[in-house]
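A short worksheet on the structure shown next.
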Amino acid sequence: RPESRVWTVMLLLGTCLLYCARVTVPICAVALSTHFDWDKKQSGIVLSSFFWGYCLTQIIGGHISDQIGGEKVLLLSASAWGFLTVLTPLLTHLTSAHLAFMTSSRFLMGLLQGVYFPSLASLLSQKVRESERAFTYSTVGTGSQFGTLVIGGAGSLLLDWYGWESVFYFSGLLTLLWVYCTCKYLLSEKELIIPIDYLMRGLSISKQTKVPWKQLFKKAPIWAVIIAQLSTASTFFTLLSWLPTFFKETFPESKGWVFNVVPWLVAIPTSLFSGFLSDHLINQGYKTITIRKFMQVIGSGVSSIFALCLGQTSSFCKAIVFASASVGLQTFNHSGTSVNVQDLAPSCAGLLFGVGNTGGALLGVICVYLAGYLIETTGSWISVFNLVAAVNSIGLCAFLIFGEAQRVDTDSAYVDL
């Protein structure tokens, strides 16, 4: 138990730093656009390029984690994206093709970070029992809001004081420090070594695998959770990428640390509460799938209502309230679809989570770029929030109709999963 608590805290910090690195460009989007003379479409290309890379390593990252251990994959990827974040400002000054370089840099960042959440799902599905999954995942998942909060607050101040380069240095160096501490204090030297045969085993999907892939992908609950997951992921990415620009342009006199901090500050307790409430209700005897669907209604449905309200208000205070409610309630997804894949198929949760996140990243590319296109062509932010609500509604309906929580990766012909 003590070791479990330490790992939970360290994984929370890892998720926090993942988002610190991921949100550096959205936080600096206006400064980068001004510095390099980009329009909204060009900014949209840079912001969306992350998701092209992000979608390519989800499945393979989840599968390798199922084979060799999620903690190893997490640390390898974190080391790489930490170095990339630190080097980005330095390399930017060595080239004149800034748009091409930043687009390539964000693409590579997506490749490196794409393995994180599938690896996390694999690790938790193997180490955490069903009655504790929602709270554990929600606790670790608060790192996404905590990281956005940290980079939103500290990043906004660094941006104002020292320029956009300092935001990258801050995020990258903290990531490398986290990797060092995790390796030194939580893993033995033997655990850090990954034998080549283990790695090759992870890279190949054996024909003799005991996981019934064809049967899995014929089941409606699997597709329901995948569709719901890709919907919630893409809308979260859209808000994450464009909210700083929305506030900066709609309320130019407002302070960056306010709108970059408050929504994510609200999201931390709501995420923890959703996990606690979910596990408590399941332990009280409520059906797991009923609780998963209830959490998803709040995470996708109610949060979308507040997103629609955000596009209609002209008051800064109301906009902060609506943004905080939308972002905060989205964290209920941690106790809905995010853990449902572990309910359905714990033996291959990493790979299946990767499939859903790949779809989410692909749709995220489209939504993030489409949001920039809509803003540029219509001059209105309302269409962006309508897009978020529409995509969320599709995923929610699929999950409510077809979602289940009974394990489906077992079959009479397959044993010892």
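Glycine is treated like the rest: Cβ placed from N, Cα and C.
Those TrEMBL annotations? Automatic predictions, nothing curated.
Since this is a predicted model, take the numbers as computed values, not measurements.
Sequence annotations record features per position, and here TrEMBL assigns domain 'Major facilitator superfamily (MFS) profile' to 7-407.
The transmembrane segment annotation in TrEMBL covers 7-32 (among others).
The transmembrane segment annotation in TrEMBL covers 44-61 (among others).
Summarising the annotation, TrEMBL assigns transmembrane segment to 73-95 (among others).
Outside the transmembrane segment (137-162), and at least 6 residues removed from its termini, the chain residues within Cβ reach (under 8 Å) are 8, 11-20, 22-24, 27-28, 31, 120, 124, 128, 170-171, 240, 244, 255-257, 260-261, 264-265, 267-268, 271-272, 274-276, 278, 327, 331, 334-335, 338-339, 342. Residues or ranges marked as transmembrane segment in TrEMBL: 137-162 (among others).
According to TrEMBL, the transmembrane segment annotation covers 168-187 (among others). Listed by sequence, the residues of this chain that lie at least six past the ends of the transmembrane segment (168-187) yet keep a Cβ under 8 A from its Cβ atoms are 6-7, 10, 13-14, 17-18, 20-21, 24, 71, 75, 78-79, 81-89, 151, 154-155, 158.
The annotation transmembrane segment is assigned in TrEMBL to 220-242 (among others). Within the same chain, residues 22-23, 26, 47-48, 51, 148, 296, 299-300, 304, 307, 326-327, 330, 333, 336-338, 340-341, 344-345, 352-353, 355-364, 366-368, 371-372, 375, 384, 387-388, 391-392, 394-396, 398-399, 401-404, 406, 408 sit at least 6 positions outside the transmembrane segment (220-242) and bring their C-beta atoms closer than 8 Å to a C-beta of that stretch.
Per TrEMBL, transmembrane segment is recorded for 262-282 (among others). The list of residues near the transmembrane segment (262-282) in space but at least 6 beyond its ends in sequence, with Cβ under 8 angstroms from a Cβ of it, reads 130-139, 141-142, 145-146, 148-149, 152, 243, 288, 291-292, 295, 298-299, 320, 323-332, 334-335, 339.
The transmembrane segment feature in TrEMBL is assigned to 294-313 (among others).
The transmembrane segment feature in TrEMBL is assigned to 351-375 (among others).
For 381-402 (among others), the entry in TrEMBL reads transmembrane segment. Proximity of distant same-chain residues to the transmembrane segment (381-402), defined by a Cβ-Cβ separation under 8 Å and at least 6 residues beyond the stretch ends, is recorded for 220-221, 223-225, 227-232, 234-235, 238-239, 242, 246, 250, 293, 296-297, 300-301, 303-305, 307-308, 310-312, 336-337, 340, 363, 367, 370-371, 374-375.
Model confidence over the domain 'Major facilitator superfamily (MFS) profile' (7-407) stands at 83, taken as the mean pLDDT rounded to a whole number.
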